[in-house]
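K.L.:
First, the structure itself, so that you have it in front of you.
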């Protein structure tokens with residue numbers, strides 16, 4: 001798929017995410033065994049876990065938004081990754097949006113994050129823990145140059161490379177989305193150990209955070225996984241295509257009506273939203 005087509009799909013997804021959503025009315029996880037249902041951009045979750053807000057290894061940002069819910073696998077991944085980072089003396093992991101208590105569509109900001117298997121993680125690792133005020137109104141660190149062609153050398157740190165690599169090497173991770181310039185820098189820094197780069201995918205924005213996505217849990221029978229990323233490290237022509245100018249005639253698509261929910265998600269809404 002060429003970059004222009006991908007751009008159109010991203011714009012369509014964004015317009016869907018801005019539609020009104022009833023999912024915010026569900027304020028607590030739906031009881032039951034953990035089940036991720038549907039796809040990452042059209043789904044929900046039963047039996048979500050709450051990420052503990054207090055941890056010595058990570059801090060949760062924007063807790064007032066209450067987007068710190070996810071499948072138990074996601075909670076365990078965050079705890080596992082942040083513990084590794086802490087043990088290596090790299091700093092504190094900053095956790096952004098996961099999902100809402102029952103997953104589902106946001107009213108803006110995300111087209112995915114619907115099945116409890118996605119998390120945004122800042123690409124900075126402070127040595128000093130942030131204050132409550134900093135966590136509520138976090139200042140993102142833009143690692144990408146103004147022209148989007150490369151990372152800012154004074155901001156790019158070996159610890160950030162290691163953070164992304166550790167996440168990509170996790171057994172449950174299927175994709176990590178970062179800005180193309182960040183992917184390019186990872187390709188330059190990786191050396192001969194490159195298998196993990198396959199999971200790191202270039203995507204629009206993502207200049208200050210990585211978006212980590214887990215594979216569908218084996219016992220979530222209604223969860224829809226994406227196809228695996230293409231073979232190889234993704235550092236060749238596909239990556240370079242992201243730096244080409246947009247083709248003439250590219251226009252913004254009309255807003256798209258959200259697709260029907262999976263039946264189990266619709267039934268969940270019908271039961272829990274008045």
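Just so you know, glycine gets a Cβ as well, placed from its N, Cα and C.
Since the structure is predicted, the reported quantities are computational estimates derived from the model, not experimental observations.
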K.L.:
Which of these, 211, 272, does Swiss-Prot list as part of the Zn(2+) 1 site with 110, 113, 120?
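P.N.:
Among 211, 272, only 211 appears alongside 110, 113, 120 as Zn(2+) 1-binding in Swiss-Prot.
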K.L.:
Name the one residue among 110, 113, 120, 150, 211 whose Cα is closest in three-dimensional space to that of residue 265 (disulfide bond); these are the binding-site residues.
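P.N.:
Among 110, 113, 120, 150, 211, 113.
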K.L.:
Among all chains shown, work out which of the disulfide-bonded residues 187, 216, 265 has the most CB atoms within 10 A of its CB.
P.N.:
265
K.L.:
Do you know the DSSP helix, strand and coil residue counts for the region 'Disordered' (227-274)?
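P.N.:
Summed over the region 'Disordered' (227-274), the classes give 17 helix, 0 strand, 31 coil.
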K.L.:
So if I measure Cβ to Cβ from residue 211 (Zn(2+) 1 binding site) and keep only same-chain residues at least 6 apart in sequence, which ones fall under 8 Å?
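P.N.:
Counting only residues 6 or more apart in sequence, the Cβ neighbours of residue 211 (Zn(2+) 1 binding site) under 8 Å are 112, 118, 119, 120, 176, 177, 178, 203.
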